């Protein structure tokens, strides 16, 4: 629908900002925000803080500062109308006798889609869908994509020197970007439900793949660490197999020795096996989506990044440009794609910012392979 007023857009943007507060803990649920307004003043606000906890609308109602009768509700995603871990939000809004509900986006979840709106309308409450829809879509893109495609939103993350190299000639890629950039990566990891890396990256850098605050403390919720290794070449003493600070999934093939797999299982590592001679990346993504992953972060290296690009599985990316030059003996960001200017992947730059001594570039892919849940 057409935006009715700048004031309504303002309140929806506020709801989107509130929803973002739940981005780390809400998944596999969407990070929804809600604002309740009466006589032009905010009388209640809330956001979904995690699975099993009250939804945004309930939190906003509980935050009320006066009677909700005649109030307007601004919510980023269509209110739910089914019993899950919590009761339907529409019933509470109807009981509260609100005057109108403004919805940023319809929920693609078939249990909710258009049903929540219909329930409210059947109760005589006007519902306006589409206010601030672009802002809501930008915020909830991983959730929307996962529900519509059956695949998580894939973000390619890498750090590169100013001449585009992601590792030195020996293959080491640690500390290309600055300290604040690495802190920013910690937040990006925390906002993702899984981090995917290749065997070479683990062998060369031995990363922990943990999500940390700038001062070094771990985020309370850690992403699943996923190691892609077709043959079982990663040393068993690698940090990613230390489960004291997070879980690890080992994605492999039938070429991996059974003894190696058993040792991983003895360590508590989950093993996902592909029947082909290479790890089925799309099948792996589908499995992660079934586990509730809305966004996954692919951290490389170049071989794994290239495989995701070749299969058109990348949705967006973040590049941290460090203040270094590594020369033509370094490792490229992507390899063996054999693209020309005509066949090159097109992206839209969504952000360029300075993170102290590094430059952060964010992009979204414009050309995506058409996929469905059976694809």
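Cβ coordinates come from backbone N, Cα and C, glycine included.
Feature list (source: Swiss-Prot):
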type: REGION; residues: 1-150; note: region 'Deaminase'
type: DOMAIN; residues: 6-127; note: domain 'CMP/dCMP-type deaminase'
type: BINDING; residues: 55, 80, 89; note: Zn(2+) binding site
type: ACT_SITE; residues: 57; note: active site, proton donor
type: REGION; residues: 151-375; note: region 'Reductase'
type: BINDING; residues: 159, 175, 201, 205, 230, 301, 302, 303, 304, 305, 306, 307; note: NADP(+) binding site
type: BINDING; residues: 173, 189, 209, 212, 299; note: substrate binding site
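On the structure: features taken from Swiss-Prot.
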residue: 57; record: active site, proton donor; Cβ within 10 Å: 28
residue: 80; record: Zn(2+) binding site; Cβ within 10 Å: 24
residue: 89; record: Zn(2+) binding site; Cβ within 10 Å: 28
residue: 159; record: NADP(+) binding site; Cβ within 10 Å: 25
residue: 189; record: substrate binding site; Cβ within 10 Å: 23
residue: 201; record: NADP(+) binding site; Cβ within 10 Å: 25
residue: 209; record: substrate binding site; Cβ within 10 Å: 25
residue: 230; record: NADP(+) binding site; Cβ within 10 Å: 18
residue: 304; record: NADP(+) binding site; Cβ within 10 Å: 21
residue: 306; record: NADP(+) binding site; Cβ within 10 Å: 17
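Sitting within 8 Å of the Cβ centre of 55, 80, 89, and not among those site residues for Zn(2+), are the Cβ atoms of 32, 56, 57, 58, 79, 81, 86, 88, 90, 92, 116. Residue 80 (Zn(2+) binding site) sits 35 Å from residue 299 (substrate binding site), taking the Cα positions as reference.
Only 89, of the binding-site residues 89, 209, 299, have a C-alpha within 10 angstroms of the C-alpha of residue 57 (active site, proton donor). For the binding-site residues 189, 212, 299, a Cα to Cα distance of within 10 angstroms from residue 159 (NADP(+) binding site) holds for 299. Residue 55 (Zn(2+) binding site) and residue 306 (NADP(+) binding site) have their C-alpha atoms 39 Å apart, to the nearest angstrom.
DSSP assigns residue 159 (NADP(+) binding site) to a strand in the three-state reduction.
Least crowded of the binding-site residues (55, 212), judged by neighbouring Cβ atoms within 10 Å of its own Cβ: 212.
According to DSSP, residue 212 (substrate binding site) is assigned to a strand segment.
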